[in-house]
Amino acid sequence: MQVQQQRQRQQQQQHPRMPGVLTRRRVDAASAAASAGTVATSEALAASNGEAQQQQQKPLVVNIPEQRPSVLPPAAAYEGMVNAGAAKAAMPGPKIFLLGIMAGAYIAFGSLFMLGVGGLMPELMGSNPGLWKLVYALVYPVGLGMVVLGGGELFTGNNAVVASALIEKKCTLSGLAKNWLLSYAGNFVGSMLMVALVFGSGVLADNPMPAAAAANKCGLSFGVALVRGVLANWLVCIAVLQAGASSSLGGKMLAVWPPITTFIALGFEHAVANMFIVPIGILLGAKVTFAEFVVNNLIPVTIGNILAGVVGTSFLYAATFGVWAKPKGA
């Protein structure tokens, strides 16, 4: 035992710093590992910062939809009318008829508003007939405004809209005929429905204007009624074109109001409006038969309305902005 203890003491005396060396080696290894971890972390941060900088340097792309101008120029407005006409010609027949009923009723509401206001101002009519006409004419355009904004197949507007599509070869003649016949029939049914409802309501029972208007309209000669029909629907078709050129509610109503006010104040003739005005006037005492209304007013006014839509609007716009304006071979 003593011999072993002496050997251990001799070994400790020969190597007194061995434990410290071992400790330093462990510390150095730990420091190296920590340094390696720090370097790796720094490299990772640098890489992530580099990626972030690259992402920040990339330009920001924002897709902004192209905005339509508030009012289209005439050429673009005509193109829009042609496209609308093609859609109308392709529409199923029952849908055209139902939308025609709606349009007839909407125009009748405008006529009712006009008669209700104008017939209750006899003093103004006697003292200042010009101002009287202007006042009742200003309220009438609500009918076409309802057609433009609420939807409807108005025969007189379609005289230009669908005819333009036919000229530009965007629809067929049979498509035009379908639209015109069914929208006309629908307008008549809608107007007659309003006649029955208004007569039953009694709102015009004491109003002298409907009977006077019916007698005056049916007293026109065939030629005068036809020409007044041309003048009326020329204004209606330009109102429809202008409304289609606008993209806002206010713009559409402003586009409709002046032309329609003009044709009413000047006493022009509109077939769909007369489908309500004359029959309600007959029911309220006008000395006119329904046959006289059809022969003396509805037929010539309808012909005039068609001429205005096709010639006054479609032909002229096709010759200036459409297919007829393009050079031959283009």
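A Cβ is built for glycine as well, from the same backbone N, Cα and C atoms used for every other residue.
Per TrEMBL, the features are as follows:
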type     : residues : note
REGION   : 1-35     : region 'Disordered'
COMPBIAS : 1-14     : compositional bias 'Low complexity'
TRANSMEM : 96-118   : transmembrane segment
TRANSMEM : 138-167  : transmembrane segment
TRANSMEM : 179-200  : transmembrane segment
TRANSMEM : 220-241  : transmembrane segment
TRANSMEM : 262-286  : transmembrane segment
TRANSMEM : 306-325  : transmembrane segment
Notebook entry, point to check: What else in the chain is close to the transmembrane segment (220-241), if you only count residues 6 or more beyond its ends and a Cβ gap under 8 Å?
Noted result: 77-78, 81, 144, 148, 154, 156-157, 159-161, 255-256, 259-260, 262-263, 266-271, 296-297, 300-309, 312-313, 317
Item checked: Chain residues in Cβ proximity to the transmembrane segment (138-167) (below 8 Å; excluding those fewer than six residues from its ends, i.e. six or more beyond) -> 78, 81-86, 88-89, 91, 96, 99-100, 102-103, 106-111, 113-114, 117, 173, 175-176, 179-180, 182-184, 186-187, 233, 236-237, 239-241, 243, 249, 252-253, 256-257, 260-261, 264, 270-273, 305-306, 308-310, 312-315, 317-318, 322-324
